[in-house]
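Enquirer: So Swiss-Prot lists the following for this protein:
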type     : residues                                       : note
BINDING  : Glu68, Glu93, Asp120, Asp143                   : S-adenosyl-L-methionine binding site
ACT_SITE : Asp143                                         : active site
BINDING  : Lys147, Asp179, Thr216, Lys217, Phe218, Glu219 : substrate binding site
Amino acid sequence: MTEQNPAAEEQQSAPRRTIKSFVMRAGRMTEGQQRGLEQGWPKYGLELADGLRDFDEVFGRSAPRTFEIGFGMGHSTLEMAAAAPEQDFIGVEVHKPGVGALLSGLVSQKLTNVRVYSCDALEVLRDCVADASLDRVLLFFPDPWHKSRHHKRRIVQPAFAELVRRKLKVGGVLHMATDWEPYAEHMLEVMNVAPGYRNLAQDGRCVPRPTERPVTKFERRGERLGHGVWDLKFQRID
């Protein structure tokens with residue numbers, strides 16, 4: 001799945017270029033994706049420029065709320081939202097084909113518990129989501145940036161952990177999954193020392209595969225190649 005950029009530091013002098021943990025790819029949209037964008041965006045789309053939102057007002061109710069960073073083509077988002085109509089989902093993706101695909105699915109399934117941003121997810125977290133308002137934050141199969149010189153691009157960094165912690169309710173959970181073991185180790189290194197979190201794994205490492213996480217193409221691909229998948233859950237405790 002596509003992932004997003006680390007939280008930008010506050011700028012007090014001349015602007016500095018923010019390191020991005022995603023690359024904007026020029027993907028051509030199918031007719032179905034374009035149709036989904038045109039038909040679905042007016043109902044499901046939200047704009048970063050609108051700033052801080054009251055999501056109870058956006059959804060027309062108060063319900064458990066999940067924020068998904070980088071939903072890719074939206075397959076997992078659709079499956080989770082359809083399986084849990086009593087919950088609300090905010091999905092963010094930078095790549096337009098994926099946004100169009102998810103919107104097409106939302107329109108065809110007539111789901112009402114999903115809203116979509118098409119921009120940098122951590123800018124949405126920072127500017128549009130109230131503190132202590134999310135029950136879950138999902139980060140499934142982010143780009144591992146394999147090369148050492150690119151590790152600074154990995155989304156899971158101390159600043160990311162703190163931003164997510166602020167947006168989670170006390171008791172809320174950050175759920176991450178990766179099919180790249182070195183990235184799982186990196187996630188553990190960052191999160192096990194991040195203030196205000198508790199690792200939900202009994203051994204202080206990874207949790208068994210959660211039943212609520214849909215099987216993704218990344219997971220199926222990894223299984224074919226003999227790779228494992230590592231799930232990590234960290235709960236906000238203060």
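A Cβ is built for glycine as well, from the same backbone N, Cα and C atoms used for every other residue.
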Enquirer: Take the C-alpha atoms of Lys217 (substrate binding site) and Asp143 (S-adenosyl-L-methionine binding site) and report the distance between them in angstrom, rounded.
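Expert: The separation of the Cα atoms works out to 14 Å.
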Enquirer: Who sits close to Glu219 (substrate binding site): which same-chain residues at least 6 apart have their Cβ under 8 Å from its Cβ?
Expert: Phe141, Ala177, Asp179, Val229
Enquirer: Consider each pair of residues in Glu68, Glu93, Asp120, Asp143, all listed by the record as binding S-adenosyl-L-methionine, and report the largest Cα separation in Å as a whole number.
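Expert: Largest pairwise Cα separation, rounded: 15 Å.
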Enquirer: For a quick check of packing: other C-beta atoms within 10 Å of the C-beta of Glu68 (S-adenosyl-L-methionine binding site), how many?
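Expert: Excluding its own Cβ, the number within 10 Å is 26.
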Enquirer: Round to a whole number and give the Cα-to-Cα distance in Å for the pair Asp143 (S-adenosyl-L-methionine binding site) and Thr216 (substrate binding site).
Expert: 15
Enquirer: Pick out which of the binding-site residues Glu93, Asp120, Asp143, Asp179 has the most other Cβ atoms within 10 Å of its own Cβ.
Expert: Glu93
Enquirer: Any idea what the Cα distance is from Glu68 (S-adenosyl-L-methionine binding site) over to Thr216 (substrate binding site), rounded to a whole Å?
Expert: 14
Enquirer: Expressed to the nearest Å, what is the distance separating Asp120 (S-adenosyl-L-methionine binding site) and Thr216 (substrate binding site) at their Cα atoms?
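Expert: So the Cα of Thr216 (substrate binding site) lies 22 Å away from that of Asp120 (S-adenosyl-L-methionine binding site).
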Enquirer: How many Å lie between the Cα of Thr216 (substrate binding site) and the Cα of Glu93 (S-adenosyl-L-methionine binding site)?
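Expert: Counting only the Cα atoms, the answer is 16 Å.
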Enquirer: Among Thr216, Lys217, all listed as binding-site residues, which has the most CB atoms within 10 Å of its CB?
Expert: Thr216
